[in-house]
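Pulled from TrEMBL, these are the features on record:
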| type | residues | note |
| --- | --- | --- |
| TRANSMEM | C:21-41 | transmembrane segment |
| TRANSMEM | C:53-80 | transmembrane segment |
| TRANSMEM | C:92-111 | transmembrane segment |
| TRANSMEM | C:123-142 | transmembrane segment |
| TRANSMEM | C:154-175 | transmembrane segment |
| DOMAIN | C:195-390 | domain 'ABC transmembrane type-1' |
| TRANSMEM | C:201-220 | transmembrane segment |
| TRANSMEM | C:232-256 | transmembrane segment |
| TRANSMEM | C:262-286 | transmembrane segment |
| TRANSMEM | C:341-361 | transmembrane segment |
| TRANSMEM | C:373-397 | transmembrane segment |
Amino acid sequence: MIELSHVTKRFGDEMAVDDVSFKVAKGEFCALVGTSGCGKSTTLRMINRLLEHSEGEILLDGQPIRDFDAVQLRRRIGYVIQSTGLFPHWTVARNIGLVPRLLKWPSTKVHSRVEQLMHLLGLPVGEFAHKFPHQLSGGQAQRVGVARALAADPDILLMDEPFGALDPITREKLQEELRALQSRLHKTIVFVTHDIDEALQLANHLVVMRAGRVVQQGTPLELLHHPADKFVESMLGGVERGLKQAGLTRVADHMLPLSPTLPAQSRVPSSMSLRQALSVMLRDHTERLTVVDPHDMPVGELSMRKLIREPKADQGHDREH
Amino acid sequence: MTVNTRAATQASRSPWQIGIPLVWLLLLWLAVTGMAQLEGFFRLFEPDVRSVIYSRVDFSLLLGRHLFVVAIAALVTITLGLASGIAVTRKKGRDFLPLVSQLASMGQTFPPVAVLALAVPVLGFGTLPIIVALMLYGLLPIVRNTLTGLQEVDVGIKEAARAMGMTSGQILRQVELPMAAPVIMAGIRTSVTINIATAALGATVGASNLGDPIIAGIVNGNTAYVVQGALLIGLLALSVDSTFEQVQRRLKADESPRNK
Amino acid sequence: MSLKDAMPVEKGRLSWFSPNWVLLLLSTIALGAFFGLETASVAPNRIVSGTGYLVFSALGWQGALLGMVLILALIGFSCIAECQEYRDAYKAMLVIVMALLALMPFALMVATSRLVDSDLPQARLGIGAGFWVTLFVLLLALVELRTRLALARIWSWSLLLPIGLLWWLCLSLWLEPLALMREYHSRSEQFSEAFRQHLELVGTAVGVSLMLGMGLALLMRRYPRSQKAAFAILNFLQTIPSLALFGLLLAPLAWLAANLPLAASLGISGIGWAPALVALVAYSLLPMVRNTFIALEEVSPAVIDAAYGMGMDTRQVFLQVRLPLALPVMLEGVRITTVQAIGLTTVAALIGAGGFGTFVFQGLGQAAMDMVLLGALPILLMASVADALLGAVSDFLRPGGAK
């Protein structure tokens, strides 16, 4: 779908992006991670040609993006930025309908599309359609930003730290919603963030950048298991890497059959992450947890002792990718 | 004003710039004392008239009167403007803040000529009405900038000062005024520079100053007179304005190491 | 509020006394001016300065009493304005101030009938300092009340409009012996001619400088290197005294008229509208260019980035995003320019450009103060109305009431 090969961007003498290559398959969620100034935003902005790359090739469905008209190309690609960039002089509805109107959709179609999107993003039409951006909270404004990006149903979505300016609770909620949205819409997403947890939560392909170069890329588990160097390791949380890893697997994957002995007092749902389950063990001072299904019926158990002795089975798993 | 300050920050701070006001002052002095020597030059404007150098009153006397009017007005406006700006931002005077700040912006719509014309019926002809008009007109930028400057001081800083045990007087003198000084200074600069030009209007109500040659030139159709008046007022304005610029730069220089 | 905090002991005793100090001060000044200063003066003709009369002789004891009662009521209400139990004190005061403003022209009528000898055809009634000060203080009180009651702009207009109409009606129908009206009637044609000239000059100057200013600002955005030089030149133009700039243009334009037949046939000459217009435009350029430039530059880069990112082309970004967002600040420039031009056009009367300045300077020349007033008052009025109208337009254009 999107392929960057040996892409370079120079501002004068300064090398902002240096020989960057990666591929994003259709329907994949790719996160560009790195500290600020590492060139991740620049890379993103080259994909919709807000910046032109200096060298290398950027392909969209196998075609160099320079073959497209830049304006037409951008109308096919959704774009969300941290400060929302909503037009302050337009209502929410008009902001969302921007790209369809640019594409000259008939107004009734624009109208129904706007309502559909507001519904999709949990913005009641009656309440929000005629509000102006300055009347919205940060979370609401960013929902409108996402709705605007999705308006013309683009296959590709570029997101530049979309949740960076939100408070932790709103951020988590919007991350959750984005994940749910992605599981329904299957867009191809390139997502820039400096928050490694956000990247691990949302993406299935990570590209870690530093000083304009790609340091390492792969699935979240690949990176957690085999960080390429000290930088990636510290980025991934150093010693807390184990917990982050645990955060990516479900209790169900490590569950043992119910043992005939007395079941443990503490119960956790099988859909919980292993990380949260470990936290419950620490809180309740117990080595064993009873795993329950959504109907609160015991289906298995989790044992700290067994967890530690688990073979590193998922390593072989990773290599299949 | 925005542009002035922006240009001032961009320009590098080199020692020879302190000389700029002196250069303008020197030129002003040369123009006042040596205007008669420029007769050949002014002849170019008006080849046909008998006299091309305004000679009814000595230029140095006109300059002195002009400066006197502007200085008196400036003294009163700075004192009154600062005092009222400070008073209405204190706790006791806060009730007057909305009215004063609205007046400061509304007063800007009163044209100085109209103010001058209205002052004449009350005060008669001469120097007094022009001083009053300049006072009223020059007061507004100072009040407005004093208010802006004092209100822009970070609430956190004032609170910290209070928490350290400073009295309100100490906070005003040691925190608020020094921090607001560049903005207040910009207001004073605008006020005085505008008033130097506006004072020329006094010539129409019988106040004798550098506006005299201009009026005489317009009435007699003698451009040379107009140029002489305009030249002296321009040089005076540039001298004063560049002096203020140096002061402002000093104030900013004091502040920048703290900001960086 | 602050008083209550500072004196908790007296809270019980004087609980009703929580004044609005501003209005208390203003209404006390009004009372002082009403009784202490001359309400009106009478002169047998336009040159002789008149004899002044205090309120009792001008309005009679009935008029003085009515005025006193109303102003005392104002003082009373301002003493309890901040008290919790009397929430409507401000509204009551608004009503009283409006009533006083409406009664003032009638007071002039009373003074006319009492003081002006109808046998003298040139006898005239001058408005006294007491009247002016009271009027001024009442207008200030209105400003304060508007703030306290948080009245919307449209409301204050709809309150002031009927009062203005009433004044106009009284002035034009029944107040002929008023010095101002005598002055007006003897030159009503000149007056409307001056009004027309003034409007034309201001309108043309603002229109031309708007076009030029927009063009310049756009050029400066395209060629950033020119910015510093351009602003330096425009700043320099503003430091030339207006009087001098008008004077300096006399000679070149006279030369133009003498040597270019086309210029002469267009009506360009050394005196009159041509130098006035050139000078007005020169002065108007700085505020216009500065506001347009800053307005266009200050549009949030994130919004522009998003606009391009959504696939708007350069023209769409400019017309649909940058320009509408810049408009309120640009209009601010138009407002400043217009108000400034109204004042400067007055000075232009000195070089024969006409307008209300003609009355001002003729009046000054003849020491006829009523004539000066006839020129100066409309200028003040024009400037205030232009300021308010353009301010309202700019408010209206602010997207969704955003600041």
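Using the three backbone atoms N, Cα and C, a Cβ is placed for every residue, glycine included.
Small disclaimer: the values here were computed from a predicted structure and weren't measured.
With a cut-off of 8 Å between Cβ atoms, the residues of this chain six or more beyond the transmembrane segment (C:232-256) that come close are 263, 268-271, 274-276, 278-279, 282-283, 285-286, 289-290, 344, 347-348, 350-351. Within the chain carrying the transmembrane segment (C:154-175), a Cβ under 8 angstroms from the stretch's Cβ atoms is held by residues 94, 98, 101-102, 104-106, 108-109, 112, 142, 146, 181, 388, 392, all 6 or more beyond its ends. Note: the stretches the transmembrane segment (C:123-142) and the transmembrane segment (C:341-361) are not in contact (fewer than 3 CB pairs below 8 A, sequence gap of 6 or more).
Same-chain neighbours of the transmembrane segment (C:92-111): 23, 39-40, 53, 58-60, 63, 66-67, 70-71, 73-74, 77-78, 81, 125, 127, 131, 134-135, 138, 141-142, 145, 149, 159, 163, 166-167, 170-171, 174-175, 178, counting only residues six or more beyond its ends whose CB sits under 8 Å from a CB of the stretch.
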